[in-house]
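Enquirer: Structure below; questions to follow.
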Amino acid sequence: MGNTCCVAPATTDEVGAPPRDHHHAAKKSPAPSATTTTATRQRHGQEPKPKPKPRARAKPNPYDWAPPRVLPARGGAAASAVRVLEGVVPHHPRLRVTDKYQLGRELGRGEFGVTHLATDRATRERLACKSIPKRRLRTAVDVADVRREVAIMASLPDHPALVRLRAAYEDADAVHLVMELCDGGELFDRIVARGRYTERAAAAAARTVAEVVRACHAHGVMHRDLKPENFLYAGKAEDAQLKAIDFGLSVFFRPGERFREIVGSPYYMAPEVLRRDYGPEVDIWSAGVILYILLCGVPPFWAETEQGVARAILRGAADFDREPWPRISRAAKSLVRQMLDVDPRRRPTAQQVLDHPWLHHAARAPNVPLGDVVRARLKQFSLMNRLKKKAMRVIAEHLSVEEVEVIKDMFALMDTDNNGRVTLQELKDGLTKVGSKLAEPEMELLMEAADVDGNGYLDYGEFVAVTIHLQRLSNDNHLRTAFLFFDKDGSGYIDRAELADALADDSGHADDAVLDHILREVDTDKDGRISYEEFVAMMKSGTDWRKASRQYSRERFKTLSNSLIKDGSITMAR
């Protein structure tokens, strides 16, 4: 058994050196000397510490930390030898996470890790444990991301709206982060589940988001990825606290510092991020986008392609005329407009947002229902349209034997009664047999997404589509095959009749309302038919952004920014 380490972080001093953004605009600083460290403490009004004893390691200047240069192998001894938490948290030798916590059912999966229910063996307190296998940390960037996330979570204050990191462990195989359990569901899901949704409810949620930004900025942390999915309720009670849970893209910053790396989620990304010259004001913009969606149910900047979304963000012309904006108070609209100002210098600070009359008196915000249209929009916001589901099934049915060999074997294993279809229970039992630990809510979500005909079970095509749903649709041959399935006459377009034929139910009927919705959503040039380019844009929009890995997003957004520079949409800061 390799060495292990553990920490129960409480203050910044216990954490050690918080890592800097490894793609930061500034050059890396050399390792701090005793002189520079003392000078830094004096700038912050602290008394200089005495010179450390010989052979003792001096505490680094947090702003001069550079990410590790190690490039771990994909597995084996090289990956195990990487000390991810070295210099970030103090060591506690030979204590394993399972010594203190009993790990239970899976709660969810992320890019690097898996989160399980963790029960304190002594107190029986229920927490969440995110385990990050070292074999998944393939590059120095991956290692630096985890180090920075741990340092940031440990340095943030004990605030009711911030999930608390309770302990961090490291052994030869993985890093384990034990934190507060938030099992009350996502922000939007709770809104949809409520029978009545009002401006006052939106104000309450928006105030929590603003409090998170204020707490982060006060401690020198820029979040950089504020979005509804990163806010969970602590419990299922109606008055449960809403908490920010993900700091994977957050960075430490100093006043006046500028950043260049393009990160975040497209709908919530500030224009200056696309220009690669930004500071903490980006969090105010993202919070403003969340508030806009809370009030009307759709994002303020929308298009069917990534470049279209980016151009809409750069223009910054949000729509305040459509339903339900006419019935929303002037105070609410005033705050949203201020937060979505394209000039970051004119945006309010987090404290100014909280002091705005609409949020300062959030409990007295109008209690008039915003209408079912908002709840319906919020529900549809993250769902694929029916055409996209059908297209994924077509792709699945035309994959080569080599591409689906493993999936075919799994299908045969799960189809225990050999009737050519898999029920949800068979899916659960089969995944258990093959050692999968996919969380039950995720199984149900995939089942619902892939069950195109809604009959409660998956045939082979739908089953393979589950896998396609989780992959980036980058193979043009696959997309062309799916397009030709709909384009029966080979005209190069999918017309309304072909769309109706492809989406007809067993009786041969196609819902006109569904067809109208798909055409409105996909037919961007409004010529009454869907071109191949429009089809590809539909298939590559939305889902990719939520499922893409962090590294993939970095490269994708860099490419997007370069294309916007080339076509003159943005001008780089000098």
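Glycine is treated like the rest: Cβ placed from N, Cα and C.
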Enquirer: Tell me which range among 210-240, 241-271, 365-395 Swiss-Prot lists as region 'Autoinhibitory domain'.
Expert: 365-395
Enquirer: Taking the Cβ of GLU426 (Ca(2+) 1 binding site) as centre, how many other Cβ atoms lie within 10 Å?
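Expert: There are 19 of them.
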Enquirer: Given the binding-site residues ASP415, ASP417, which one has the fewest other C-beta atoms within 10 angstroms of its C-beta?
Expert: ASP417
Enquirer: Let me check the 10 A CB neighbour count of ASN419 (Ca(2+) 1 binding site). How many other CB atoms are there?
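Expert: There are 11 of them.
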Enquirer: For the domain 'EF-hand 3' (474-509), provide the mean pLDDT of the predicted model.
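Expert: Averaging the confidence scores along the domain 'EF-hand 3' (474-509) gives 81.
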Enquirer: So which other residues, same chain and not among ASP415, ASP417, ASN419, ARG421, GLU426, have a Cβ within 8 Å of the centroid of the Cβ atoms at the Ca(2+) 1 site?
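Expert: Surrounding the site, in chain order, are MET414, THR416, ASN418, GLY420, VAL422, THR423, TYR457.
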Enquirer: Spatial neighbours of TYR457 (Ca(2+) 2 binding site) among the binding-site residues ASP415, ASP417, ASN419, ARG421, defined as Cα within 10 A: which are they?
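Expert: So the list reads ARG421.
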Enquirer: Could you give me three numbers for the domain 'EF-hand 3' (474-509), the DSSP helix, strand and coil residue counts?
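Expert: Per DSSP, the residues of the domain 'EF-hand 3' (474-509) fall into 18 helix, 2 strand, 16 coil.
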